[in-house]
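What TrEMBL annotates here:
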TRANSMEM  B:6-25  transmembrane segment
TRANSMEM  B:77-95  transmembrane segment
TRANSMEM  B:116-133  transmembrane segment
TRANSMEM  B:153-170  transmembrane segment
TRANSMEM  B:182-201  transmembrane segment
TRANSMEM  B:247-269  transmembrane segment
TRANSMEM  B:281-302  transmembrane segment
TRANSMEM  B:397-425  transmembrane segment
TRANSMEM  B:445-463  transmembrane segment
TRANSMEM  B:469-490  transmembrane segment
TRANSMEM  B:502-526  transmembrane segment
TRANSMEM  B:538-563  transmembrane segment
């Protein structure tokens, strides 16, 4: 039982770490690149405007998709590794 | 064939399809009714979620918002998609593992309190009802424009169609009609966009066309657009915003609001496994992104098209933009689509300087040196998507398709919301709180009656929209983001969170958000009762009432944390429940009580 418990606790820790990593990227592209750091990225031209604008209208959405699939893939692997899948 | 006959054919064929699906997917049990039997494939569910989520507002209004606001309105794009990231990581898999039917189910059980359950039910109903008003009015507009019936008849027809498949099919009927509706709406949205992108840039993919060269002028499309709107006294389309704090908070409010909206959350109860809930959120976002990546292209291209229609001299290579604005088209030479939409009153022209021409520019700019006496053209943002095929001279079947697409977007969202409302009443209120002994058959009947009642209420509100209909979206997102989202998240991620903390947090988040909204928009949105004028100068730290949901969520978290730590830890069986929600093992199908 104790093993089961520490196994489960480790699984949860790994999950939380993964979520924090993904959310850091999520915040970086949307609040960072697209909004707050847009002036810093102004020097990088993209199709008639700057990189920040591209992140605001397309880049962040594309990143979000990648993040969700990445998370699903890593979590399903964690389910298997810790034997906690269905 | 006349345009009317073509529209009728497209809309009629789509209705026949929805009703056919409804007959095929009748609900036999409460499990069918609430969660489609729990056997929906993750990709199918992703597609249904996308249709559920993308309302008349996404289909009709968003491109117009982007066209008028440019970069500043990117908040809608990021907010309404970024919410799926937090939904996929912080809520969906765990709520699927919990394995019951509704959002109040989780809040009531996890916080072992019927008070918490009741707060959740009230939040859910208020958020969903305010949201459904917009869908009914949107469907009414689409009907009256394309099928030449009155608005009232349009709303009644919409209500009847939803009634057919939602009352009999429940979640099962709704899921499969939403899949069909997604296909209709995405085709309808994409085809005109592809043609317009081809015409303007030679690139058939709108999302790439937007960032490529404008064929006629030889410079990048967005640079061209900046130059053109600048010459008309507007700020650059791509201009940065000054108030970054408000932009961040508004985006965050839309994100947490999206993740907390019950009709979206319950879609993830329908997949067979926890892993499927994770994949399904990804697929939902893929299907949503197909429209959301096209919308900014539609918005920017429509804005450019409109400007160059009015000022043909600005279309090609321009040496002097001011000079190019001096010859706008004569009113009598206006294109046919212009005339069609004038009849609806959504485009209006007033010849202020009596020169027989159309001057369209930013009213705040002073162009009296050009002999202009004010902006003469008012264009309602909402017509951009609907008028797109006509502006681009596309064949009349594309117009028919747009009609079917707009109606599909409104109906699919309305059905999802109505299901969330009816399950809150029949399942959470009647079955769980009032009469736990009710039989399966009785609960089904109650579910169907509350669904029919919800449709009648939505129809009534669609026919008599309260004057505040537009502002209620802020309310729906504020409530979902400031009360439901934090409670759900803490219920999963904090074992220590107890009933008192959760209830105090939900109420604090909700009340602060409502107070802030009402202060600027009027008590219960009654005009004239606002205590401060709704202008940026009055906003605390420049935070608009629409952006306050994120602050409300933070207040919710903070209050819940403090109250919970000052009171007793939750009982052992609740802590065990939290444990079990965290691990997919042993999920099985969504369980009945």
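Placed from the backbone N, Cα and C atoms, the Cβ positions cover glycine too.
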Distant-in-sequence neighbours of the transmembrane segment (B:153-170), which means Cβ under 8 A and at least six residues beyond its ends: 15, 18-19, 21-23, 25-27, 32-34, 36, 136-137, 139-144, 147, 176-177, 407, 410-411, 414-415, 418-419, 447-448, 451-452, 455-456, 458-459, 462-463
Chain residues in Cβ proximity to the transmembrane segment (B:502-526) (below 8 Å; excluding those fewer than six residues from its ends, i.e. six or more beyond): 107, 110-111, 113, 115-116, 119-120, 123, 466-468, 471-472, 474-475, 478-479, 482-484, 486-487, 490-491, 532-534, 538-540, 545, 548-549, 551-553, 555-561, 563-564
Tertiary contacts of the transmembrane segment (B:116-133), as residues 6+ beyond its ends and Cβ separation under 8 Å: 55, 103-104, 107-108, 261-263, 413-414, 417-418, 420-421, 424-425, 428-429, 432-433, 454, 457-458, 461-462, 465-466, 469, 472-473, 475-476, 479-480, 483-484, 487, 499, 502-503, 506-507, 510
Intrachain neighbours beyond the transmembrane segment (B:247-269), with Cβ under 8 angstroms and 6 or more residues off its ends: 34-35, 38, 45, 48-49, 52-53, 72, 75-76, 78-80, 82-87, 90-92, 95-96, 99-103, 124, 127-128, 131, 171, 241, 277, 280-281, 284, 413, 416-417, 419-420, 423-424, 476-478, 480-486, 488, 543-544, 546-551, 553, 590
Positions on the same chain near the transmembrane segment (B:6-25), where near means CB under 8 A and six or more residues out: 146-147, 161, 164-165, 168-169, 172-173, 175-177, 180-181, 184, 396-397, 399-401, 403-404, 407-408, 411
